[in-house]
């Protein structure tokens, strides 16, 4: 390029937004929009949604000067425009793109004015037509109050806006809002730039507005005009000094209005608008308590005055309400609840937040939802057993003064009346039969009435007789190869001449699983040739009996045994047992007699020896004491020490595992057996070199150790392992200690730490678990915090959303395996998860509840429990299950999102326990989290365990979320 020739900057006035040909506009697919403009140099492109600059989100992104909208929904509906700018100028698009997606239950936009141009003093009509909309509100540029009909402006019932005698001040972006769907369809119609707005708090000391004189020849003359169109003088409270408009304070409400800076010369005249808003403190009128019907519309008003930029929020029972399809807040502050439910009842108050002033709240108002009249236990056709006590139950819900009654119809369809026979009692919907009679059969209707109306439901009642067995099969013992007859007969309802009940045989709960060549079923129900079942059925129901047929091997019997009665066999067995026990008793008696004889003979021999020694004048000190008595007397202190050591060894052996005891035969030959799998994990105490103490848990010390061991299949020499010691004698703690060893020994999963070894050669007993190079997940998350000053050196970077989801997926995978093997963790949290340098997760259970992580536990009913991670049924009712682990998993994901922040950190332990006992403790899901995951956490924290998902379902949801992000 020749440097002497200047480059000409230009920007085309024709700017428009168009849909790229390769994209699709159906709901759920990606839409690509491009901004078409020409200019030099290359203009910078910005995209706007309803006149607001678009920020990058997971579903909205700008790539190669194109806007990509993925997974669009009704929340993306609106007008998409673009703004092009370079050195020459800045231009907004005039031909914009309208996104209008249909959805069930949400009003749909039929027609909208995208961009309109009109001459001064002429009329213009803006279209905004919805289907299924209750009403439409229009908002002028930068106005927070809806437009009302005046002599110049008219809002029609079909949603159109008519502006007569258009002025320059009418320029700007207009919004039309459907009242039924707040914050979902804010569609705009635009035909000018925004106004020059200045917000001034009331009673401010001074206001200064500056107006620069434009270039022109001859030099323009400049003056100011007040809101009444009068020229502002150069003196007084409102005056002009050096082209600046000055208003001395205190600023009043009357100072608000539109001020114009006017510049004129012989060629032309120009005006520039300055609008002053005087901000006033907000005031509000408290909402009134109302009563609404279930499934109806509930509206609570929060009337306020404030200027400008006021936001209104509603609070229910101390928690902020979120906008949804059923709950929305209008711009005038009213709360709209569509299809109100019983759960919507509560205390409501509104909160007003106005620019420059403190937030104020109204007094609470009660919303009471009148329950809709409906059956919640609808009766169905029923068979009543003749001569039995039975009930027909019909329950209904609704407003007070609810009445539920039964009526009966005759065969010709006539109402019998409300008078029941003596054996029937109708108690508010429960019809009790005291000994059912045959005439009780027929058609019945349950009727529920209250002030809301009347509902009814009808059923048919049959009186039946269940089959009764006349002959029941008896247990038999038969020899293999011979025939057996199992006799089973039943009778039914004789009075109504019904046929005999049908008989159905089954073997080991398998119907008709018989070989026709070996089995024959008789017409009377008997079965010719484990467990056999006989079921008799008719219109009155089923009756069942079971019988055991024992088949013995033919090798142990001959033909002579076939005629022997079973009772005779039983007598033989009794005689055999009696003879055996008698022989054993005789043997014990002979042994005792022999011992007594030997003792007397020994005493007699000693007496004779002592007599001879006395004659010879010789005596022995303590000669009549046995070896153990001499040891006690002090003659043999070494023997006494050996006996004492033996007792101590016996006490130690009592708490050893049963697998360590080896029996000996009478011939002093040891019976050797192979070691069990858990015995193969035995390692010596001296093979572990203690490195550092991690803390103390319920069992005792937990520390890291270095394994100095060779020729071990589970532990490598020099490997760092985690060791948990048992330093408690409490039986419950010992039981939990064994349970944890058994759990980690049986589980074999790459996401769960492995049991590496057992130390039982001396006390305290220990077991060894796998450890990771980066330690537990909680310490890792704390290290990623920017405000963490406890660690020196390089810090790990905070986790990204895909990494968080990946960690959550690994934990879900481990917990799925654990629960499928019928184990419950009871302490799932980041502190009990290990993380490697590759961000691999391994589930563990260090449970340092006594010191390191004592703030995470609370002693409740003499147990250290993780009350901030556990649900109501686990803490209060001691019902730990896979569903309580799902609840803890949700809190663990919350920890990961908030870098190991303590759940409910604003509450102390006593308040947490109080809310847990009331079942009112709930976490808030992170707002930045995708909707799919936020809904998953809310389900994990459901009050009812049945409403919580399984770990299999959680794994698939997280897997899908990761796939969508990478997609």
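Including glycine, each Cβ sits where the backbone N, Cα and C put it.
Heads up, TrEMBL stuff is auto-annotated, nobody curated it.
Between the stretches 555-576, 577-598, 599-620, 621-642, TrEMBL puts its transmembrane segment entry on 577-598. As a quick check, the domain 'Ig-like' (107-176) and the domain 'Protein kinase' (688-967) miss the bar of 3 or more Cβ pairs under 8 A, pairs 6 or more apart, so the two do not touch. With helix defined as DSSP H, G or I and strand as E or B, the domain 'Ig-like' (6-98) counts 3 helix, 45 strand, 45 coil.
The DSSP breakdown of the domain 'Ig-like' (281-368), given as helix, strand and coil counts, is 3 helix, 47 strand, 38 coil.
The average pLDDT computed for the domain 'Ig-like' (107-176) is 78.
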